[in-house]
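Peer 1: Structure in structure tokens, see below.
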Amino acid sequence: MSNMEEKSKPAASSTLEEPLLRSGGSGWAKASGRRWEGLGEEVRRLSWIAGPMVVVMLAQYMVQVISIMMVGQLGELSLSSTAISISLAGVTGFSVMLGMASGLETLCGQAYGAQQFTQVGIQTQTAILSLTIVSIPLAFLWLYMEKLLIFTGQDPLISREAGKFTACLIPALFSYAVMQPFVRYFQAQSLTIPMLLSSCLSLCLHIPLCWALVFKSRLGNLGAAVAIDVSYWFNVVLMVLFARYSEACEKTRFAVSSEIFLGVGEFLQFAIPSAVMICLEWWSFELLILLSGLLPNPALETSVLSVCLSVISTLYTIPYGFGAAGSTRISNELGAGNPVAAKRAFYAVMFLAVIETSIVSTALFLSRKVFGYTFSNEKEVVDYVTKMAPLGSRAMDWDTNRSFCANSASFHRNKLHQLGKAGQ
């Protein structure tokens, strides 16, 4: 009788967690055997998402790089102090905002894949609130950057100029706290065009604005900081307007709600580990610039190293864009209960890693005698950059592969999140 009852029971309905709990059995083995099927289509889909994401990340970062390039024409002191200032701003502020916002890649991605559209908006609000609160103590730290640099043994003249520049960047810190969650909000929905347009328009605004403030006003290198503030906030305004009025965001459109406070704990569970991973990586680069300020010729050493690392960091936006696209695809598929498709997306990302690494590292090496002139017109700096370029090319090769491998961590993080939900 019991056997007949078991046969008469309807099959369990498919849930978000069910496929992820099938750790064994012939069904899973067959599905795994077919993971290569549709790989070409997945590569095409990833490229369609990753292309605009690369441009978005590149445009946002180029706002800082172009500022360094223009200030570099004022001389070694302006270049070195601005480079140290932007370096410290990245270490103590921008990297924290970027890392914490990356936690939304899991939360918003899976919520959208599970068609829980309201949660996408609520999680975005939660992230904006959390990042804004974190920005407040960081802003106070930036106000005392000059004393911090002098305490670490930096040149007093460079420290004074860097302290002024960092203080002028405080508005950009708060804009970053809003901009990065919005990037993940659009990214989870594969709405790359809004981010593409807002980032490119902001960059187009920044170039003439930065030139005018640096060369045609009395602000000098501080004009670059003001230009960064205006450009980042302009980017935020464009994103907010699109999220508010576009029909594409109608399902996930959100109003200010008290529910954002309830999700702070869950958001921090993902935001803090993400921030730690990104910050440690970011800090390892920026620490080199700070240490270069302790060398016998700090103005020259800092200028050269900042040029090399600025180029490497700019090119790093390419694997980061592909990684963001891969994270979106993996989260969406896991949220929809398709772990095999998520695994296929991971393999597609790794395939793209091989191609991207070869092209970028080769291009950097071949242009080693050229790109130094885009940052400085002093021959001593350019010649030094040319000598450093081969090492930078190799570092870029290693770092790109490491960046793509980080998607493995993203894959398992998303999977564990779903398994955790299943066990509740």
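Glycine residues also receive a Cβ, built from the backbone N, Cα and C atoms like all the rest.
A quick note: this is a predicted structure, and the numbers were derived from the prediction, not measured.
Sharing the features that TrEMBL gives for it:
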REGION    1-32  region 'Disordered'
TRANSMEM  46-71  transmembrane segment
TRANSMEM  83-104  transmembrane segment
TRANSMEM  124-144  transmembrane segment
TRANSMEM  165-183  transmembrane segment
TRANSMEM  195-215  transmembrane segment
TRANSMEM  222-243  transmembrane segment
TRANSMEM  267-291  transmembrane segment
TRANSMEM  303-325  transmembrane segment
TRANSMEM  345-366  transmembrane segment
Peer 1: Can we call the transmembrane segment (345-366) and the transmembrane segment (46-71) in contact, meaning three or more C-beta pairs below 8 angstroms at a sequence separation of 6+?
Peer 2: yes
Peer 1: Between the transmembrane segment (222-243) and the stretches 46-71, 124-144, 195-215, 267-291, 303-325, work out which stretch tops the count of Cβ pairs under 8 Å.
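Peer 2: When the Cβ pairs under 8 Å are tallied, 195-215 comes out ahead.
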Peer 1: Are the transmembrane segment (303-325) and the transmembrane segment (46-71) close enough that 3 or more Cβ pairs fall under 8 Å, when only pairs 6 or more apart in sequence count?
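Peer 2: Yes, the transmembrane segment (46-71) contacts the transmembrane segment (303-325).
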Peer 1: Give residue numbers and ranges for long-range contacts of the transmembrane segment (195-215): same chain, 6 or more residues beyond its ends, CB-CB under 8 A.
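Peer 2: For the transmembrane segment (195-215), the list is 52-53, 55-56, 59-60, 62-63, 66-67, 70-71, 73-74, 183, 186-187, 221, 223-224, 226-228, 230-232, 234-235, 238-239, 242.
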Peer 1: Report, as numbers and ranges, every residue of the chain located at least six residues beyond the transmembrane segment (83-104) whose Cβ falls under 8 Å of a Cβ in that stretch; write 'none' if there are none.
Peer 2: 64, 67-68, 123-124, 127, 130-131, 134-135, 138, 141-142, 145, 148-149, 154, 158, 161-163, 165-166, 169, 172-173, 176-177, 180-181, 183-185, 188, 225, 267-279, 282-283, 286-287, 289-290, 293, 302-303, 306, 310
